[in-house]
Amino acid sequence: MAKSMYLLWGSGSPPCWRLMITLEEKKLQGYKQKLLSFEKEEHKSKEVLEINPRGQLPTFKHGDNIINESTGACLYLENQFKSQGNKLIPDSPAEQALMYQRMMEGLTLIEKLNLVAFYDFYAPEGERHDSALKRHKENLVTELKLWESYLENVAADRYLAGGFSLADVVVFPSVAYAFRYGLSVERYPKLAKYYSLLKDRPSIKATWPPKWFQIEQRSESLKDI
């Protein structure tokens, strides 16, 4: 079944990573894939635009089915392959509700991280203002403190919604990205513990962004948050 899947992805992208983690969790290794460069703007290539007119990564096909929004693709794979690999949506209504809540809140987390970590990229030079960056940083601090409270009871068998679920698939790459870009372990100990508990999970290790192995790629853009 995996041979009928095709993924175009970029290294270091949390949306790409969450989809790749799901494919690993569902034992769908062996899918066709191609690593593209954001720096070379290969995500705007004809090959991508033919499948994804937004010119974004990931770009994903399963047979004739196209689903490029990463969170939607994760849900799609779990629903199509429920009996294969690891179960990523809990049965308990309470845990399921919490999973969907944290899963969707994870999209807000990555948005606020991006507004700080890549402020110079998102704001053209003539439109950059110290007051705007300050506001983005304050909003991010508030967001991170909220996640610290969510992870108050994090443990090896208790993650965002009980056991490992799609909530963790969506959120973990953003947490890893935050620490990659200099987020303080001391100021955010619960997030740091969560990161440490999950970073060696087989599906996460197998899909770890290759360019993150290059020390010189590291940034400190979040060190003061």
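Cβ coordinates come from backbone N, Cα and C, glycine included.
Since the structure is predicted, the reported quantities are computational estimates derived from the model, not experimental observations.
As given in TrEMBL:
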type: DOMAIN; residues: 3-85; note: domain 'GST N-terminal'
type: DOMAIN; residues: 92-221; note: domain 'GST C-terminal'
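Secondary structure of the domain 'GST N-terminal' (3-85), assigned with DSSP and counted as helix (H, G, I), strand (E, B) and coil, comes to 32 helix, 17 strand, 34 coil. This prediction places the mean pLDDT of the domain 'GST C-terminal' (92-221) at 89. Note on the domain 'GST C-terminal' (92-221): DSSP counts are 90 helix, 2 strand, 38 coil.
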